[in-house]
Amino acid sequence: MADGFSLNDALSGSGHPPNQGWPGPWGNQPAGPGGYPGAAYPGAYPGHAPGAYPGQAPPGPYPGPGAHGAYPGQPGGPGAYPSPGQPSGAGAYPGASPYSASAGPLPVPYDLPLPGGVMPRMLITIVGTVKPNANRLALDFKRGNDVAFHFNPRFNENNRRVIVCNTKVDNNWGREERQTTFPFEIGKPFKIQVLVEPDHFKVAVNDAHLLQYNHRMRNLKEINKLGISGDIQLTSASHAMI
């Protein structure tokens, strides 16, 4: 199965010191006064840093003019992403077509448009907080009424916590894939990142790789909407190319 980078490579950067001017690798954020490390707004997950899968180093130089793959928000030249929370300017970052970021609180359920569908190296980031007495939450990558990728953490299924992944075509659900590793906590903030690869979705939660789900729908360009639902307070939803 093809893969743009191995999981070991993706997670190998966690011990490197942070680059100047941008938050360091996830999990190594210095604490900011009065808030979570790296939190840019109330409800942001600790160390919220869009634009990189956990531990992934930027593929290009840092961050010279027009450097391909430079971290978003760096003063490397025109067209770079703005810093988190700042408005975008003219000349979007090359390859970031499209980039969408909505800062909350957002209504739930919430639909995030994915114009042009999903594609390899697209990174979707969802930030929020699990509500007290939560039962479930769900991400649904949709093609019309079909669901290409259903990501469904369940907090109490027969007194167990489990994550269920599946695909729905013509109103018929396929074979469930279940994950017992459960990184979500009642009342706690979370960050979900979904990285699209040629053959699969990678999912990371709270800065750590969680699971991989092989594509069951092969035409990725038809997957043009992400539905977010469940017992959460939704702070932000965004997508970008990395």
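In case you wondered, yes, glycine gets a Cβ from its N, Cα and C as well.
Taken from Swiss-Prot as is:
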type	residues	note
BINDING	W173, G174, R175, E176, E177, R178, Q179, T180, T181	beta-D-galactoside binding site
COMPBIAS	17-31	compositional bias 'Low complexity'
COMPBIAS	80-93	compositional bias 'Low complexity'
DOMAIN	110-240	domain 'Galectin'
MOD_RES	A2	N-acetylalanine
MOD_RES	S6	phosphoserine
MOD_RES	S12	phosphoserine
REGION	35-98	region '7 X 9 AA tandem repeats of Y-P-G-X(3)-P-[GS]-A'
REPEAT	35-43	repeat '1'
REPEAT	44-52	repeat '2'
REPEAT	93-98	repeat '7'
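Note on R175 (beta-D-galactoside binding site): other Cβ atoms within 10 Å of its Cβ, all shown chains, come to 8. For the binding-site residues listed here (Q179, T181), the lowest count of other CB atoms within 10 A around the CB belongs to T181. Break the domain 'Galectin' (110-240) down by DSSP state and the numbers are 3 helix, 84 strand, 44 coil. Taking Cβ-Cβ distances under 8 Å and a sequence separation of 6 or more, the neighbours of E177 (beta-D-galactoside binding site) in its chain are V164, C165, N166, Y213.
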